[in-house]
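Trainee: Next up is a structure, given as structure tokens.
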Amino acid sequence: MADGLILRAIRGKAKTLNLNGKRLQRVPVAVGCLISLTELQLKNNLLCRLPVELSALCRLRVLHLGNNHFEKVPEEIKYLKCLERLHLFGNRISEIPAAALDGLDNLLFLNLNNNLLEHLPREIYKLQSLETLSINNNHMKAIPKELCFLQNLQELHLANNQLDSLPDELSYLTNLKELRLSRNQLTGLPEGICKLIKLKILDVAGNFIRSFPSAMHRVPLTELYCEENPLLEKQPVFARQQEEILTLKEITARLILNHLRSRNSFFIEQIQQHPEARSVLSSRNICALCGTWFLDMWLECVTFVDVKKKMKTSSNLQLLPVRVLLCSYRCFNQKQAGIFGVAVQ
């Protein structure tokens, strides 16, 4: 039956070919003769590899390989220079060979849902035209920072994986509009997410998040889903304070940072000559109240932002707990309205 369809397609110089659900164990090599083909559908078969003859499909823009038996992304796709949409959902893929990503300069959409992936190759950055990447329902434990170099990415779907953190480089995805991270193991979000000025939809439901980054309320979200997280609640209680004792490292760091902040030429010159010290100090934080720069020791507080009127939220969420860092109890004791210490149970 498949051979008959292919023969008719060759005679008619077809631009599309539907071989879905034919129980194919291999792709007939005659498909390579369909040089006018722009869309090839091979869903719901028994395929585990592609023939090299497919490389002749120089005009192919859409390739459907969902619900087959592929264990890795087939390297043959690198020859499909015009490919824009690639569907590989519902396979057994646990590997993406770096070579498979060569030549896919025009790929806009990649669907890898429902596979067995634990990681992505660093070469993912080669997909510079990619706008939508979906890797829901895999076993992803981390995402490489190189993924954040995809400047045209608009949608990133990573729901139902095993992610416990996100790279700081997430802030590089300046065109991102939709980020789906539900049902992972995230305990927080990087501060860099607040730089995603086009982000409209954020889904972090079903994680372990207690509070959001300090500038989260400034992200232009229209939809926020965060149900089934242990979010901090506004329940003030009396607590005794124990004045902090700074380590020698912290005292020294604050002294140096203070001089650097005041543009002291001696300290600026010295820090330029000591790259290790410069690297350590680059991870500084800033007190939300007094503006003091500090390194490793701080008081983690929270403020609550009313987001109900600003965006669509899940579970009737009205007050969003937003992380605030203070340099000392001295600042905390200024009794700034709306800033609360985080209770440790």
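Along the chain as shown, residues are numbered 1 onward.
Placed from the backbone N, Cα and C atoms, the Cβ positions cover glycine too.
Sharing the feature lines straight out of Swiss-Prot:
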- 13-34: repeat 'LRR 1' (REPEAT)
- 36-58: repeat 'LRR 2' (REPEAT)
- 59-80: repeat 'LRR 3' (REPEAT)
- 82-103: repeat 'LRR 4' (REPEAT)
- 106-127: repeat 'LRR 5' (REPEAT)
- 129-151: repeat 'LRR 6' (REPEAT)
- 152-173: repeat 'LRR 7' (REPEAT)
- 175-196: repeat 'LRR 8' (REPEAT)
- 198-219: repeat 'LRR 9' (REPEAT)
- 220-241: repeat 'LRR 10' (REPEAT)
Trainee: Go through the chain and flag residues at least 6 beyond the ends of the repeat 'LRR 6' (129-151) whose CB is under 8 A from any CB in it; none is fine as an answer.
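Mentor: 89, 105-123, 157-175, 180.
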Trainee: Would you list the DSSP helix, strand and coil counts for the residues of the repeat 'LRR 3' (59-80)?
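Mentor: DSSP classes over the repeat 'LRR 3' (59-80) add up to 5 helix, 4 strand, 13 coil.
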Trainee: Let me know the model's mean pLDDT on the repeat 'LRR 10' (220-241).
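Mentor: The answer is 76, the mean pLDDT of the model over that range.
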Trainee: Per DSSP, what is the residue tally for the repeat 'LRR 8' (175-196) in helix, strand and coil?
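Mentor: Its residues divide into 5 helix, 3 strand, 14 coil.
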